[in-house]
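Annotated domain 'ABC transporter 1' per Swiss-Prot: 53-299, in sequence order. The feature ATP binding site is assigned by Swiss-Prot to 91-98, 755-762, with sequence analysis given as support. Here Swiss-Prot flags 388-665 as domain 'ABC transmembrane type-2 1'. Taken from Swiss-Prot, the feature transmembrane segment applies to 398-418, 428-448, 477-497, 504-524, 534-554, 559-579, 1059-1076, 1087-1107, 1128-1148, 1172-1192, 1197-1217, 1303-1323 (among others), supported by sequence analysis. The region 'Disordered' annotation in Swiss-Prot covers 670-691. What Swiss-Prot records for 678-689 is compositional bias 'Basic residues'. For 721-960, the entry in Swiss-Prot reads domain 'ABC transporter 2'. Annotation source Swiss-Prot lists domain 'ABC transmembrane type-2 2' at 1049-1286.
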Amino acid sequence: MAPPEIGNDEIPLQEFGQKSFAADNTIGGMQSISYDNSGAPMGLYKEKKGMYVTARNLSMSIGTEKKGDKRNILSDLNFFLKPGSMVLILGSPGCGKTSVMKALANQLHSETVSGSLLFNGKAANKSTHHRDVAYVVQGDHHMAPFTVRETFKFSADLQMSEGTSEEEKNARVDYILKTLDLTRQQDTVVGNEFLRGVSGGQKKRVTIGVEMVKDAGLFLMDEPSTGLDSTTTLELMKHFRELSNVNQVSSLVALLQPGVEVTKLFDFLMIMNAGHMVYFGPMSDAISYFEGLGFKLPKHHNPAEFFQEIVDEPELYFEGEGEPPLRGAEEFANAYKNSAMFQSIVNDLDNTQPDLTFCKDSSHLPKYPTPLSYQIRLASIRAFKMLISSQVAVRMRIIKSIVMGLILGSLFYGLDLNQTDGNNRSGLIFFSLLFIVFSGMGAIAILFEQREVFYIQKDGKYYKTFAFFLSLIFSEIPIALLETVVFCVLVYWMCGLQANAEKFIYFLLMNFVGDLAFQSFFKMVSAFAPNATLASVIAPAALAPFILFSGFMAPKRSIGGWWIWIYWISPIKYAFEGLMSNEHHGLIYSCDDSETIPPRNTPNFELPYPRGSGNSSICQITRGDQFLDQLGMPQNNWFKWIDLLIVFAFGALFSFGMYFFLKNVHVDHRASDPKNDKRSKKASKRSKKIKDSKVDIKENRMVKAQKEIPIGCYMQWKDLVYEVDVKKDGKNQRLRLLNEINGYVKPGMLLALMGPSGAGKSTLLDVLANRKTGGHTKGQILINGQERTKYFTRLSAYVEQFDVLPPTQTVKEAILFSAKTRLPSDMPNEEKIKFVENIIETLNLLKIQNKQIGHGEEGLSLSQRKRVNIGVELASDPQLLFLDEPTSGLDSSAALKVMNLIKKIASSGRSIICTIHQPSTSIFKQFDHLLLLKRGGETVYFGPTGDKSADLLGYFENHGLICDPLKNPADFILDVTDDVIETTLDGKPHQFHPVQQYKESQLNSDLLAKIDAGVMPVGTPVPEFHGVYSSSYQTQFVELGKRSWLAQVRRVQNIRTRLMRSLFLGVVLGTLFVRMEETQENIYNRVSILFFSLMFGGMSGMSSIPIVNMERGVFYREQASGMYSIPIYLFTFIVTDLPWVFLSAIIYTVPMYFISGLRLDPNGAPFFYHSFISFTTYFNFSMLAMVFATVLPTDEIAHALGGVALSISSLFAGFMIPPASIAKGWHWFYQLDPTTYPLAIVMINEFQDLEFHCTSSESVTIPNVLTVNGTYIDVGPICPITNGNQILQRYEMKPEDKYKFLAVIFGYSVFFFICIFIALKFIRHQTK
């Protein structure tokens, strides 16, 4: 059967619908295309274009995590697209729609493709194919701080051809804003979960708009209607219908719940299921094809729903007796391949020569529409805007530099030229460098924030990777320069480093270059790491050897030959070496009385030898070069410039690594876990297809509470107003989002909240559900005739629009967790499990019940997440249920099933309020009441819908607005909601003002009277609750502990990396100081190894920040639902992390301790005590990381301040600067430092009564010592330190504190626990 002719102004008549669409007047907010004299659309395209696509035996597979294993995604597809035609893809999520589009867009990465895929008779030209294709992806990934207009303009600047004038670009942006009804939002930021921006539906239109900028011949749109109401979807598809008719553009569109009028706009239909094609052919022949197989479309049934459901539930449409002749994707696909329809399509593929008259040929064009210099400029401008918009992060970086500069400046204020301050200069230089290094950890979050957008734009060839890479570098320079200058000025001049302009400039340059270099290092790690959590683990582990082998903690002569290569490749070594040479070279040092050997301030110093020291002593270091010599550094002044060049070269190397990984690595999470697949297959064997009529809510125990309390919940609200604070013209004002809303819901009632995008539906739902965290609410809300109490969460549940779910749980575990924590504690576990199993079956989740939910693209699809989200809330068996867009992201079959379930829950006596965007006729019939809002949050209608929407439509008919009998009533009411409409009433012209007419209506008067009288009948029993939580504390502890433990063990990569990092660094540190003897040199090495071991615990702890941040969103949702107590949540989270903290500490400590030769007694007591202190220190640092993750809003800021805290802790612990050298004004900080006490304990544990000796090179000879005989002799050799107690005295550590300080360590654990609890209870970083 030949496809219909293309190029006509109208598409063929559909057998199941009405006359097809032709160019129409403007409807609602979106604009119809305007034409110039030549018939071309004004402001968008200037020439006709199109693309002829043919696919023969197209198949695709992708590798799994199991080596050598492949998973089929597409199987043997045959289809075509012609210029001017529109093809609709239907199929349940996971059917392969996205894979088809990626293949057509030539955006494949790890997939293996076979078969033939031709574009205008040729294979895809990899260089220019993207210039002819516009691909609207499923997800809405944008730079959150950019406004809608800026987002479109950026796309226009880079996707419109070189030479296009600014006027043309702006005209196209204006056109798209008007077309997508975003003109009013053009100056609103796009936003994300942390930054309030446009609504979900508006964000989807932004996603579409950035691709509409292109002069594309082929439009690919993957579920563009998600989050849009039905009217907006229809208008959008009409626009593309016009575009196809006039400009011969070929379109392939995947939709989930298309209405009849939307479906009629398409020429061809493609139905997919599980990667198989079960139909491709003319839309007009689709129904007759399936009727030929024995499946009939019921009367008044949406054909799109019929097409989507027929493979999964063939028994619903089979006319004959017995079992349907076909079941499953493969059987339907084989039937199609054996049909005359398929043969007709194959003949067209084989015999039809592509008519390229209307086809745009871009093969002669350059790969990118704009030159590289222009790409770099635009990408850099965007990066600078991103930087400026992140005001909190920028301020934190500057404040951090000022604070640290002042701390160091006052701590090391006015350094002298004695021995102690000579060492302090070295410590200051090393610490300053570490501060610069660790400040770069915030770059991990910066890159991950932009990475998904970069992937999309890289695939779309907006710019070369090099342009994006340079934008990251350029945008970092100003802020790095500013924070470096502030820090260096304070540190250098307050500390009294050499007052020399050249040396100061060098100090500034080295720190600045080092800052940029390590920013690039952290971004390089982020470019290849699969997620931010692993990046936060890998980066410190890779950095630790560089720090250890920098020459400060382990001088060059102490490093064994097997590790000396790390010393030579450590960038920190060269930076430290350059700064040390810059400061120490040329300085002359002296000794205070206490610093000479022997000290001049000893009582017998002036007595002749051997009764005293004969008034003679030696000052060991008198020149700065001797400090350099001790560390094995060059003693000439010019080599520091070589060091600077080497650090710059390392920065360039890290930058190249970042560029390489950005260019060549594209993290793709679609490769499934074989264990998940295996579990899912087992589950699918047990699954049974059930009709909705078989879902007995009472058997499912969804009316358990009703047996105890015969009613649901009465809720009423009056004069409800909601306002938010905004700034306009520099003044604080209040913007009203809801304006005097009235309404109610009662048991058995299913109330729909509807209105166009931006009308305030979700806002109203949040206010009613008590989920708003900001703004100002006025008016009255009563629950069962009383004000809302703290027990409100016991009787209510809220299905949020955004599906925030625990990523490591399986589907069944997530729903079961909700049931066990929210159902009554006296309900047996067996009944709870049965209850959950019925929910899983009803929501068609049985096949994936054992699959992990995952995060982002990793794990479940959008549709599956939505159903799991609904299941989690249904598991609480609520009396009052709020749902925000429960069908968004679902196909029509799944959406109808969900709404049937919700309707039955309402029928069982529950009260339900539900926002909904684009309900089909079948779905809209489920609602018995409607609250209709217009933009601005004003009521247009509140009342019953009536049988077949008779009451609702009757209200509008009374005002002269008649709904076409074949039109979906839901679409009709949205069409007439917003504007004043000119109509006729009783034969006279009439203006319909939606809000005013409702206020004056009898409906409104009756509603107000009912609310004033009270919705709840007098004498109705009210449920009483005796606790905030449904479950006992014991149940909460068990369930939270189980979930938290499984979350830990399922992060396999994280655990593996975490433990390998500990083992690696333990072996490295142990072999660096292998079998230390009790010599003078090894005194300092022992102190270094003990200090580094503790600080490694700090670095290890900070890597948990992304995990805590990821869990935080789930916690916010569950806490708002009243699932569990905060202390129990926190306690179980910490307890389940303890084994991994213990393993990390032990795996590090064992090789480090025994290989290095730290102190051992026959009973092993020093080792066990050291291990215990290491474990407690690691645990405290892990708790400190949780404090930062819960208190601070983003990963970037938490990492930045966590690095600062770690730096300050290491500074005041007593290693960098001995306690005696700490200024009195800062001594309290030394005493507050949580690292001070474990360091003191492990030092006492190691050095107490330990004997030391000197090698021949370490002993000191004192010349010209006066003896009792009156002669002068050389006395020596003298060993400066012979007992470890001398070291303890130098660091002001007392042996009796070895066990006393344990109480302080545990005190910090309690303190951090309290801080985390307070943060979880009172701080929310997600605003509503």
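Using the three backbone atoms N, Cα and C, a Cβ is placed for every residue, glycine included.
Taking the Cβ of LYS761 (ATP binding site) as reference, residues of its chain lying under 8 Å away and at least six apart in sequence are, in sequence order, LEU753, MET754, GLY755, ASP884, THR915, LEU933. Long-range contacts of the transmembrane segment (398-418) within the same chain: residues 424-425, 428, 431-432, 435, 439, 482-484, 486-491, 493-497, 587-592, 595, 1200-1201, 1204, 1207-1208, 1211, 1217, 1222-1223, 1225-1226, each at least 6 residues beyond the stretch ends and with a Cβ under 8 Å from a Cβ of the stretch.
Contact count against the transmembrane segment (1059-1076) (Cβ pairs under 8 Å) is highest for 534-554, out of 504-524, 534-554, 559-579, 1172-1192.
The DSSP secondary structure for GLY755 (ATP binding site) is coil.
The DSSP secondary structure for LYS97 (ATP binding site) is helix.
When Cβ-Cβ distances under 8 Å to the domain 'ABC transmembrane type-2 1' (388-665) are tallied for each of 53-299, 721-960, 1049-1286, the top count falls to 1049-1286. Cβ environment of PRO93 (ATP binding site): LEU256, SER861, LEU862, SER863, GLN864, GLY889, LEU890, ASP891, ALA894 lie under 8 Å away, each six or more residues apart in the same chain. Touching of the transmembrane segment (1087-1107) and the transmembrane segment (1172-1192) is concluded from the presence of at least three CB pairs under 8 A, sequence neighbours closer than 6 excluded. Around the Cβ of LYS97 (ATP binding site), the same chain contributes ILE89, GLY91, ASP222, GLU223, ALA254, MET272, each under 8 angstroms and 6 or more positions distant in sequence. In the three-state DSSP classification, GLY91 (ATP binding site) falls within coil. Looking just at the domain 'ABC transporter 2' (721-960), the mean pLDDT is 90. Secondary structure from DSSP puts LYS761 (ATP binding site) in a helix. Around ALA759 (ATP binding site), the same-chain residues six or more apart in sequence whose CB sits under 8 Å from its CB are LEU933, LYS934, ARG935, GLY936, GLY937, THR977, listed in sequence order. Packing around SER757 (ATP binding site) is summarised by its Cβ count: 24 other Cβ atoms lie within 10 angstroms of its Cβ, all protein chains included. Counted within 10 Å of its Cβ, the other Cβ atoms near GLY755 (ATP binding site) come to 26, all protein chains included.
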